[in-house]
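Peer 1: Just dropping this structure here.
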Amino acid sequence: MEWIVLLISAVLLPIFPLSLIFNRLVATAPGPWGRALALLVLPQLGILLLYHTGPFLPLPVLGQRIWLMMVLFTAVFYAFRAVSAREISIWSRLSASSGLALTWFLVASGSAMHFTELFALAWSVPAALLMIWAGLLSQRMGGAYLGLRGGLATELPRLSGLITISALALVATPIFPGFFAMLQVFHLLSLSWLWPLLLLLMIWGWSIGKFLQDLLFGIYQGEPLTDIGSTVTSVGAGVLFLFALFGLVWSGLWIGN
């Protein structure tokens, strides 16, 4: 029973190769809102399963070490895959898989359930928002691919702004919860485990750099597009503001846990 719980949780809190199932579930969810909901709900189900059904990590010391090495591999692997992704929903799904894998460090350390849930939301929320923004972009362009026409910041400034801020939140940019979540991981690990995390941060930086280059820069070439309205912009900006505020408020609790 313990192993069944562990394997199912490794699907919902993605660890390679079971992370392939997680990505398949998200990718095949119906529509942008379905994919957003999957990113929010699946990791929380994995946490509930771990904390209420079985022991946190039912493995001997050596087994835990190997498991956590797979966690780091998963995080780096999906971050690297996201570098070459040009479709927004694919990029957000891969980047979310990279961040969500790190949730296992809190599980292994015995952190309280609510801290672990908040940690997972640090990656799920911006990824879910990007799924919604990708849907809005697809309605206007027929797809959410970046780098094909360039210069969307001048043609769709409001939507491009929401996409930019959400993407920055997903790669642990300071002031957003992901940044403080990473501080928590650094706090939990010994020095010998830190170099893969530093590599992960470098790959995230590379990934977001290419993402924003394809989104914001260049000269737009294509038919005129209609930007999102002020209501959608205000709601999206409000959610992102509250998300950033949430990170600042909870940062002390994460670091002190």
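In case you wondered, yes, glycine gets a Cβ from its N, Cα and C as well.
According to TrEMBL, the feature transmembrane segment maps to 6-26, 33-54, 66-83, 90-112, 118-138, 159-181, 193-212, 232-255.
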Peer 1: Within this structure, do the transmembrane segment (33-54) and the transmembrane segment (118-138) have 3 or more Cβ pairs under 8 angstroms, counting pairs 6 or more apart in sequence?
Peer 2: yes
Peer 1: With contact taken as 3 or more Cβ pairs under 8 angstroms (pairs 6 or more apart in sequence), are the transmembrane segment (193-212) and the transmembrane segment (66-83) in contact?
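Peer 2: They do touch: at least three Cβ pairs between the two stretches lie under 8 Å.
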